[in-house]
Every structure is written in structure tokens, then in C-alpha cells.
Amino acid sequence: MALNRLVFSLSLWLGFIGAAQAASSEPLPPSKDPWYTAPPGFESAEPGTVLRVRPAPGNLTSITANSSASYNILYRTTDSHFKPTWAVTTLLVPELGPDSLAQQKFQQSALLSFQVPYDSADVDASPSYSMYSASNDSSAPYTAALGSGLFVSVPDYEGPLAAFTAGIISGYATLDSIRAVLSLGLGLNITNSPRAALWGYSGGAFATEWASELAVQYAPDLVAGPVVGAAMGAPLANITTFMHSVNGQATSGLVPNTLLGLTSQYPDVRKYLVSKLNDDSEYNRTGFLAAEGFTVTESGVAFAGIDINKYFQNGTDILNDPKILALVNREGIMGYHGVPKWPLFIYQAIPDEVTPISATDALVEKYCAVGADILYERNTVGSHYEETNNSYKAAVQWLEDVFSSQHDINRAQGCVIQDVTRNTTSGDLVRRKDVQKSVFDLWSAAW
């Protein structure tokens with residue numbers, strides 16, 4: 001094992017030197033960038049081992065507010081079959097120095113793992129590439145965190161097969177991204193009891209929750225050490241109810257993305273799924289499989305308002321097909337792989353039209369019955385998308401508590417479930433066009 005670590009360390013830094021020389025080149029989509037491959041023999045490395053690192057190509061640092069440097073890190077992780085695979089995370093470094101917020105507030109030792117809801121079965125939609133064209137709305141949380149002195153890791157948690165809604169690999173890849181960053185440093189003070197927290201909304205909360213419940217068995221080192229908590233909004237607790245909720249609605253494009261993402265690691269189930277598609281009709285195989293190359297926005301346009309069952313022979317109810325349900329039960333139902341040991345803040349709008357709150361209620365009830373530490377806030381107003389703004393402040397304040405150890409004082413509180421009313425989208429606190437500035441102000445006020 002020591003020899004393997006030595007070999008990987010040598011190849012890593014040789015690769016880093018070469019990458020640094022080419023850092024000014026434009027980013028390539030992962031499917032066309034040879035850097036997105038693991039070196040020979042990576043399978044023998046331990047989960048979380050760094051396999052490659054490079055300064056992020058192109059202008060990512062300059063276009064990401066409050067960032068002083070950015071790196072791509074390719075690391076060893078584990079797929080849903082419990083076999084070695086790899087994933088990539090992008091590490092964003094805040095402004096550093098003796099007078100920086102990173103030093104004054106956190107001694108350069110605080111890491112936020114931010115899971116972006118990229119919700120796509122296309123590997124080229126992975127954050128390490130899509131961040132170059134991210135809107136202010138989607139980048140606001142992590143750029144604001146950078147502005148408050150946090151290091152930010154943004155993992156491509158779906159892995160190299162873009163396994164959207166595959167909970168096992170999503171959780172493992174998220175956990176191993178934290179391990180990889182903490183082993184590497186790159187400005188992060190890893191000798192001064194570093195603290196890490198996770199945050200995600202919707203698809204990003206899906207990965208955040210799976211990481212939290214899998215950590216007990218997969219990453220006890222993170223449970224016992226640096227991870228201090230996880231915040232998650234509208235976490236897609238049950239993928240079956242989620243797909244039924246969005247099918248035929250404006251967000252119907254999430255269904256093909258889910259079915260293709262779920263089956264990307266299961267060739268037999270993918271073959272079965274494809275065999276059930278129509279050969280020729282308005283809703284045919286070609287149209288459905290086009291989602292493999294779509295971002296979530298593109299799928300939203302292509303499939304808006306369509307009952308996805310129309311793509312299947314005789315209108316088959318594919319969402320209730322036994323083979324599909326068996327896979328969902330393995331990969332898409334939370335609460336069956338372990339009880340999170342670090343504190344959780346879970347928030348969701350009661351009227352959520354994308355993922356029914358009843359599934360989140362059931363998950364929280366299950367965890368609370370076995371002693372989990374959860375603050376669960378159910379917002380009486382707002383849609384799925386409005387809740388991203390409505391509960392920004394609450395999430396930021398809760399993360400401030402766990403980073404500053406204030407939550408540790410009150411850990412005996414156990415589960416707290418409460419209905420709240422937050423309607424910041426009306427303009428009282430956060431207007432959509434001003435979300436970047438407002439979220440930065442929230443982080444700044446917290447610390």
C-alpha cells in the first residue's frame with residue numbers, strides 16, 4: 001500500500017507540474033478531455049486518494065467572485081456496485097493571507113462541500129465544466145461562502161457515468177471529495193483541526209443526504225473528525241414519488257434524466273429500459289435518448305408538459321415497472337443505509353411541487369426515532385424553486401453555528417421539527433436579480 005501511495009504521489013505531482021504549464025488553455029467538456037481518466041492501477045488506491053490535480057483550466061478563478069485560485073482534483077471513489085471508480089471535484093480557494101477573512105475567522109481551515117443540483121445524465125453537465133457558464137443564481141451560495149473565508153469544494157458527485165439519482169455513488173463520491181481535499185491542502189490548513197460541512201439543495205441535497213447516511217459505514221474517519229454538519233433543502237427523499245410528481249408537468253424533463261442516470265451503472269436495466277421505448281411515433285426512442293446529451297435546462301425545454309410514459313410501448317407505466325422500482329429501491333430511497341451521525345438542517349416548502357414533502361416528513365420521522373440530531377423546518381409558503389431563496393438565510397445561519405462550534409453546545413436538543421413562514425422572494429429580503437449580493441451579505445453578517 002505504501003508503494004502504491006508513493007507511485008500515485010509521484011505521478012500526481014508530475015501531472016500537476018504539466019497541468020500548471022497548460023492552465024491557461026480553455027476548458028474542454030469531460031467527454032473530450034483526456035485529463036478525465038484515472039491512471040493505471042488506481043483501483044488499488046484507498047477511497048479518497050488523489051489521483052490527478054491541476055489548476056482549473058481557462059478563466060474559472062477570474063470569473064468566480066471571491067476566488068484566489070481554483071483546482072480540479074481527480075480522486076478514487078466507489079461506484080454503486082462497491083467497485084473502484086473515480087470522480088472529480090473543483091476546489092475554490094478564498095483570498096488568503098494574514099489579514100484575510102479565511103485566516104482571521106477560520107485559520108484557513110474551514111471547508112464547505114457544496115453539491116450543485118446539476119440533475120443531468122450528461123457527463124458534460126458536470127459542475128467542473130458547467131461552472132464556467134454558471135449563472136449568478138446558481139453560483140451565489142459558493143461565491144458568497146468564498147467571500148466569507150471558506151474554502152469550497154464542488155464535486156461531480158454523479159461520477160464518470162453521470163449517474164443522476166444513483167444515491168450510492170452520489171454519497172460515496174461526495175464523501176471521497178472531502179477526503180481528497182483534506183489530504184491535499186492547496187492552501188487549506190489541514191494541520192489545525194480542519195472543519196468541513198456539506199450543503200446542497202434539491203439534486204444537490206440528494207447527494208448531501210446520501211453522503212450523510214452512508215458516512216457511518218463508509219467514512220467513519222469523517223464522522224469522527226472534520227465533518228461538523230450538513231444542510232439540505234428539498235432532498236428528493238423518494239425518487240419514485242419524485243418522478244410521479246414531476247411527470248407530465250413543466251419539470252417533466254427530470255424523468256428521462258432520472259431514468260437514464262439511474263440505469264447508467266446497470267447495463268442490463270438500461271437495455272431493458274431501451275427495449276420498451278417506441279421505435280416510431282411522435283414520442284420515440286431517439287427523442288427519449290436525446291436526454292443523455294441534455295443539461296437539466298435542455299431537458300426541461302424538450303420534455304415540458306409531456307407524460308413520459310408516451311415514449312414507451314403501449315403507454316407502459318414505466319415508473320411502476322418492477323425492474324425500475326427494484327433499482328429505485330436500491331438507489332433512490334433514503335433512510336436505509338445508516339443513521340447520520342453529524343447534525344442535519346433539513347428545510348423544504350410544504351407546497352413543493354417537485355418532491356412531495358410527505359417523503360421528507362417520513363425520512364425525518366424515521367431518523368428522529370433513532371436519535372438523529374436534526375433541525376427540520378417546513379416552510380408554509382413557496383414553490384420548490386422559491387424555497388432556494390426563502391431559506392438561504394436559515395441555511396447560512398445554521399452553517400455558521402456548526403462551523404463556529406456553537407451547535408456543539410446544543411447537540412442534546414435532538415430533533416426539532418417546526419413550521420415556519422419565509423417569503424423572501426416577495427422582495428422583503430432577496431430579490432431574484434439581487435441574490436448574489438444578498439447571499440454574500442448574509443454570509444458576511446453571520447461571520
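Glycine residues also receive a Cβ, built from the backbone N, Cα and C atoms like all the rest.
Listed in Swiss-Prot:
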ACT_SITE  Ser202  active site, charge relay system
ACT_SITE  Asp352  active site, charge relay system
ACT_SITE  His384  active site, charge relay system
CARBOHYD  Asn59  N-linked glycosylation site
CARBOHYD  Asn66  N-linked glycosylation site
CARBOHYD  Asn136  N-linked glycosylation site
CARBOHYD  Asn189  N-linked glycosylation site
CARBOHYD  Asn238  N-linked glycosylation site
CARBOHYD  Asn284  N-linked glycosylation site
CARBOHYD  Asn314  N-linked glycosylation site
CARBOHYD  Asn389  N-linked glycosylation site
CARBOHYD  Asn423  N-linked glycosylation site
SIGNAL    1-22  signal peptide
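Feature map: annotations from Swiss-Prot on the structure.
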| residue | record | DSSP (3 states) |
| --- | --- | --- |
| Asn59 | N-linked glycosylation site | coil |
| Asn66 | N-linked glycosylation site | coil |
| Asn189 | N-linked glycosylation site | coil |
| Asn238 | N-linked glycosylation site | strand |
| Asn284 | N-linked glycosylation site | coil |
| Asn314 | N-linked glycosylation site | helix |
| Asp352 | active site, charge relay system | coil |
| His384 | active site, charge relay system | coil |
| Asn389 | N-linked glycosylation site | helix |
| Asn423 | N-linked glycosylation site | coil |
Listed recorded positions Asn66, Asn189, Ser202, Asn284, Asp352, Asn423, filtered to Cα within 10 Å of Asn389 (N-linked glycosylation site): Asn423
Inter-residue C-alpha distance, Asn189 (N-linked glycosylation site) and Asp352 (active site, charge relay system) (nearest angstrom): 40
By Cα-Cα distance, the member of recorded positions Asn59, Asn66, Asp352 nearest Asn238 (N-linked glycosylation site): Asp352
Rounded to the nearest Å - Cα separation of Ser202 (active site, charge relay system) and Asn66 (N-linked glycosylation site): 25
For Asn59 (N-linked glycosylation site), the number of other Cβ atoms found within 10 Å of its own Cβ: 13
Inter-residue C-alpha distance, His384 (active site, charge relay system) and Asn59 (N-linked glycosylation site) (nearest angstrom): 32
Winner by Cβ contact number (other Cβ atoms within 10 Å) across the recorded positions Ser202, Asn314, Asn389, Asn423: Ser202
Spatial separation of Asp352 (active site, charge relay system) from Asn314 (N-linked glycosylation site) - C-alpha basis, Å: 31
Rounded Cα-Cα span from Asn66 (N-linked glycosylation site) to Asn423 (N-linked glycosylation site), Å: 28
